[in-house]
Amino acid sequence: MANVVVVGAQWGDEGKGKIVDWLSERADVIARFQGGHNAGHTLVIDKKVYKLHALPSGVVRGGKLSVIGNGVVLDPWHLMKEIETVRAQGVEITPETLMIAENTPLIMPFHGELDRAREEAASKGTKIGTTGRGIGPAYEDKVGRRAIRVADLADDATLEARVDRALQHHDPLRKGLGVEPIDRDALVAQLKEIASEILPFAAPVWKVMNEKRKAGKRILFEGAQGALLDIDFGTYPFVTSSNVIAGQAATGVGIGPNSIDYVLGIVKAYTTRVGEGPFPTELLGADGKPDADGERLGTRGHEFGTTTGRQRRCGWFDACLVRQTCATSGINGISLTKLDVLDGFETLKICVGYELDGERLDYLPTAADQQARCKPIYEEMEGWSESTEGARSWAELPANAIKYVRRVEELIQCPVALLSTSPERDDTILVTDPFAD
């Protein structure tokens, strides 16, 4: 049976939630392998809206096993609130349907406090645009070998020792930022209280995943955010704190890379970004605010963050960036989403290269100062007046919409496997089945 990795191929918000839900119907296991609750997934099923941040998208589908892997950083309090919310919507979540890797690092309240304090202290131009939810500091503690992990909740003595080690590092940091010391006893009490709620879901996920693989079960690996936010291959330092590309799927759950059969990249038919950082095709007017086309994309596409509510920056499709992502993630095919948002544009533009200091480039350079100076080189295409919303076959698409899709394929050097024409899961055109053996 084929195992599929789903990754965002831009800066996140590409519509992964819908595609994962669409694919999860035929998967047996759905696993989150990186990120935290800073990335939101919006699912629309039978007109009911589910907004998930920590939970895998597969939880809304009965009879599936959802997994939170060790590559994730997990806020246990947020997770339990999210479980309560989803249960209130009629979704059953039990230790039989949700497993959390025992070696998953936990996000502590002091991680979010540190995140926000640093962002507030940062001077203009150096802010990252973090969600302030503690993701970065939690990953820092993981790499610094002072993280508190799910398994630590099972033993009081171990837990208190882990807390003491973390505080030895964090209290001096807080002092330098003018933040009060952490209340050690209160934190320990909070952790002991939440332990009884989290531990029933704890499991040796690496073992379970390998058993499922050997049994021929179909596994769907669900990434958060987008590859252009990858800590190594994104627009550093305006990135997230984990690896987002497909290679992380294996290490993020404890399964071998030879277990991955297909990588599906989720690509929006235009480009958006939340927060700071370079964005060559961003549509801005002379006043630095979105121009008419940028406003139109944002309004039609409902471009507001699931997690923060922040308005997303909008721009034309950037073929160079997506082509890079197809290479770094080994993408076999893409799911092109939100094609319907482009309905009604007389002219569409696609970025086919950059001009940097008089030279033409076909990729975005690594250095941040060069990224900021890159100017897009556009190719124009004729738009279409007809509606593509809700289309479920190529025959329902306008000729110019098909031309646009085909040109995207040519420029990114990767085929379209799925085409999404609305937030509804069934408004999807299947070209290549990622789960096909």
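Glycine is treated like the rest: Cβ placed from N, Cα and C.
Site annotation (Swiss-Prot, ligand IMP) includes ASP13, GLU14, GLY15, LYS16, ASN38, ALA39, GLY40, HIS41, THR131, ARG145, THR240, ARG310; from GLN168, GLN225, GLN324, the additional listed residue is GLN225. Summarised by DSSP class, the composition of the region 'Disordered' (281-304) is 9 helix, 4 strand, 11 coil. Spatially, by CA atoms, the binding-site residues GLY12, GLY15, LYS18 include one closest to THR131 (IMP binding site), and that is GLY12.
There are 26 other Cβ atoms within 10 Å of the Cβ belonging to LYS18 (GTP binding site). In the three-state DSSP scheme, LEU339 (GTP binding site) falls into the helix class.
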